[in-house]
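Just below is one structure, and these are the notes that go with it.
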Amino acid sequence: MAETSRELPLSTLTASTRRALRIRARQAREAKLSVLSKVCYAIGGAPNQVSGSASAFFLQIYLLDVALISPYQASLVLSLGKTWGGITDPIVGYCISKSKWTRIGRLMPWMLGCTPFLVVSYFLLWFVPTFETGRVLWYLAFFSCFQALSTAYHVPYTTLTMFLSTDQMERDSATAYRMTVEVLGTLIGAAVQGQIVASAHTGSHCNVTNMTGNLTADFLYEPTEYITSARQVYMIAAGIIGCLYLLCISVLFLGVKERDDPYALVAGKVIPFFKGFRETMQFGPYLNLISSFLLISAAVQIQQSNFVLFCTHAADLQDHFQNLVLTILIAAVLSIPFWQWFLQKFGKKMAAFGISLMIPFSIMLVTISSLVVAYVVAVASGLSIAASLLLPWSMLPDVVDNFRLTNPQGKGLEAIFYSSFVFFTKLSAGIALGISTLSLQFADYNTSLCKQSYSVVLTLKLLIGAAPALMIIIGLTILAFYPITEDTRKETELALDVIRMRTRRSTLIVI
């Protein structure tokens, strides 16, 4: 039987047989997903993006100005928490691979089970305990818990793509819906959180004597009323986002049905985790996809994390950076349907090269200091970011299907593929942020100065222009050797449909 499973070279079939197989495969394929199901699936990914955006923009300033812990302690909380979040990705993938199929699926119980604890940990992350000694341990514990539980939600959610439908086009469409809502969630997280906590960061409680960093004692003094109010608005924002988690997981559970995929000829035979991890990391298309998008994701992360600093210290755009950030995110949201149409029309590899739009416009922003140019660059960056977000999650199911075809005897590796991809993405983002911050340290960045030195300005220009451009070029060069084309993708889809038909037929005969 194992030998039969590998005898699937479609080139040996006659044209009439191939047409017959296509008709039979199309009839055997699962019903297409409704728009409502795709929307419900997409909504399930929104809260993680909202909370991630809120914490990315405001957690550091909250720890320093509201929780009143030292910068060293804040860096400890952020770095260790993110590292722990990355470590939990393969752990969650391993646990999911060992999970049994239940009445509501294999992935849905994970999301339902972790959501209440995720909400509690997120809320307590934005709560200031009464004790001061050891307060850093409070935030380290709950930020680590939040990162781990967020992973326990995100890994099964992204893996769910493989169990929505056996039709690759439907999965791609669901991914486009998901990425649209997730980018919209990022926009909402940055905008809504900013509006709620804006009063916590006004300058009315500070008295700055000059622009050289010499501050009066009044600037260092934090009135009790201000601190109390600031802590309250942050808790209100955390409560709203926590309620959003509960609402979205309810929509996901009620609107999406997880479907098992009978692609394996030996039903229920699961490859052990470490063996499966070794096999996935030796799979050529997966390594190619990871290598290319690690560089591309790191490039996007470097540019995003240094954009506000660049606007403030290197481009004289400090009064416009918030609007520029919103422009980037809005452009990304609006362009995702375009990229979905483009990849269906011209192929995913061709669409991936749309990421290169970021290169000339970023260089233009560095060399031409103009508000109009900055907004043009923001729109172009939004287009590129949308492509970089959509394409890896659209291409990853194709890699998994290709692996299924060449390894039809085992099941349960989908979570390993997805968790490993998320792990390496987080790892690359962490390394990129560490290197960019370290480069600013070498350039003698001084937090007490309103006007930085020329070396800092030059470093920021390199971090916004040259460094991301080089990484994107290398990443796209690697992606050019990605072996899965549109033709091979369709051949794989047909071959898997044949396996599914045989599996269903053998099951009916046994029954």
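From the backbone N, Cα and C atoms, a Cβ is placed for every residue, glycine too.
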Any idea which of 58-78, 415-435 is down as transmembrane segment in Swiss-Prot?
415-435
Considering only Cβ pairs within less than 8 angstroms, which of the stretches 136-156, 280-300, 357-377, 379-399, 462-482 has the most against the transmembrane segment (323-343)?
379-399
Please figure out which one of 108-128, 136-156, 379-399 racks up the most CB pairs under 8 Å against the transmembrane segment (236-256).
108-128
Any chance you could find the range in 108-128, 136-156, 357-377, 462-482 with the most Cβ pairs under 8 Å to the transmembrane segment (415-435)?
136-156
Give residue numbers and ranges for long-range contacts of the transmembrane segment (357-377): same chain, 6 or more residues beyond its ends, CB-CB under 8 A.
299-300, 303, 311, 315-317, 320, 324, 327, 383-385, 387, 461, 464-466, 468-469, 472-473
